[in-house]
Ligand SMILES: C[S@@+](CC[C@H](N)C(=O)[O-])C[C@H]1O[C@@H](n2cnc3c(N)ncnc32)[C@H](O)[C@@H]1O
């Protein structure tokens with residue numbers, strides 16, 4: 001049974017945990033609190049939570065990092081939501097049949113990410129790398145102890161740590177859905193010591209960490225920047241749908257998003273993990289592909305998180321209200337306007353109250369685009385780059401085209417991606433108190449497309465058409 005999402009919303013109740021685990025009870029202070037400066041107490045907490053909440057049994061060495069379970073679980077929940085909202089078949093939400101392969105760079109002695117992820121989702125499998133021998137040995141033992149060897153496998157990696165993604169090793173896998181990593185934070189031993197003095201370090205994570213786990217030249221920003229560069233290389237960008245990295249410092253978020261923008265990455269997600277009063281972590285995910293996550297995933301930060309708005313990716317959901325004479329009437333009006341567009345495919349699913357729109361060539365709705373299309377039709381010789389599909393009328397071809405697109409995507413590398421795929425849902429008027437609003441909501445979800453301005457422009461166009469001035 002997967003653990004519920006909000007399992008660690010409140011602080012862990014040590015008394016309840018102690019009642020079930022005598023070895024943990026022994027570590028509690030008379031005031032029923034835990035001494036986080038004592039490494040064995042922290043290890044017991046991690047082991048007991050993994051056992052109670054995930055049915056996982058692990059062993060941890062004395063001289064390596066001990067992962068705090070709530071923060072690691074937050075990362076797993078984030079990648080679940082990310083993949084659930086960017087499925088190639090546009091299925092939104094958990095699809096129990098979807099097979100996923102994850103790759104954890106630097107799994108640590110616990111192998112906590114592969115263990116949690118595969119425990120939560122029976123169809124998921126994981127690969128991992130690790131350059132520290134002791135961590136590798138423990139990770140293997142922990143995977144076997146939980147009988148997950150058939151679903152979690154180690155990949156050889158560059159022992160010097162120079163190259164992070166084992167591209168050659170991935171050749172035998174058709175596809176990897178998500179890469180994750182919790183990189184070493186610090187750039188030097190003196191930075192590590194300085195952060196301990198300022199108590200910037202979480203109490204239960206660094207006390208037993210070995211140098212290879214805590215320190216990397218240039219710190220986490222250099223590690224993740226290297227990962228971004230490697231991710232952009234042809235073999236990796238086509239193989240791996242999402243790349244992601246957890247960050248320990250707020251200041252790193254801006255540096256990483258800036259690096260992604262410099263590399264012209266158009267699809268990313270920024271989120272924060274909040275645990276209790278003291279601990280905050282951040283995570284940035286990016287994709288070179290065009291399937292876009294839902295708003296709450298792409299922009300998973302709350303007010304006061306410290307992440308500046310300018311680092312957040314563009315909105316992937318928009319909505320507007322319209323005077324309603326019933327959902328069917330609104331859907332009819334939306335469909336009518338869209339069907340006037342040349343080269344746009346539109347399919348409305350009446351039973352579920354939503355439609356799918358696909359524009360292969362991008363903007364065909366603005367005045368400028370219509371003028372251009374007209375000129376191309378009138379003078380085809382002077383417009384050699386006329387879009388291939390401008391003579392397709394959506395209403396004539398809608399059903400077959402949508403299906404063709406899905407099946408061709410699987411086996412044809414040359415098929416150009418549509419510039420925009422949007423789901424449009426008509427939502428019923430809402431009841432506020434004792435009054436029923438007379439307005440329906442037209443909700444648009446940007447599902448696919450590198451260009452967020454195109455999505456915005458389409459939303460604006462549709463709103464103007466559906467609500468005439
Ligand atoms: C901060 S620890 C995270 C461990 C574990 N994933 C967790 O979250 O608790 C970083 C891990 O990455 C490993 N590591 C460091 N550089 C690496 C590299 N270039 N390739 C693979 N693993 C690396 C370290 O040995 C360490 O286990």
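Every residue gets a Cβ built from N, Cα and C, even glycine.
Around residue 106 (S-adenosyl-L-methionine binding site), the same-chain residues six or more apart in sequence whose CB sits under 8 Å from its CB are 129, 130, 131, 181, 182, 183, 184, 213, listed in sequence order. The S-adenosyl-L-methionine binding site annotation in TrEMBL covers 72, 106, 130, 182.
If you look up TrEMBL, you'll see 368-421 marked as region 'Disordered'.
What TrEMBL lists as compositional bias 'Basic and acidic residues' is 374-405.
Marked as compositional bias 'Acidic residues' by TrEMBL: 406-417.
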DSSP-derived class (H/G/I helix, E/B strand, else coil) of residue 106 (S-adenosyl-L-methionine binding site):
coil
Within 8 Å of the centroid of the Cβ atoms of 72, 106, 130, 182, which other residues of that chain place their own Cβ, given that this set defines the recorded S-adenosyl-L-methionine site?
67, 104, 105, 107, 108, 112, 113, 181
As a test of the contact definition, list every same-chain residue at least 6 positions from residue 72 (S-adenosyl-L-methionine binding site) whose Cβ is closer than 8 Å to its Cβ.
112, 113, 116, 182
Quick one: give me the count of other CB atoms within 10 A of the CB of residue 182 (S-adenosyl-L-methionine binding site).
27
DSSP state at residue 130 (S-adenosyl-L-methionine binding site), helix/strand/coil:
coil
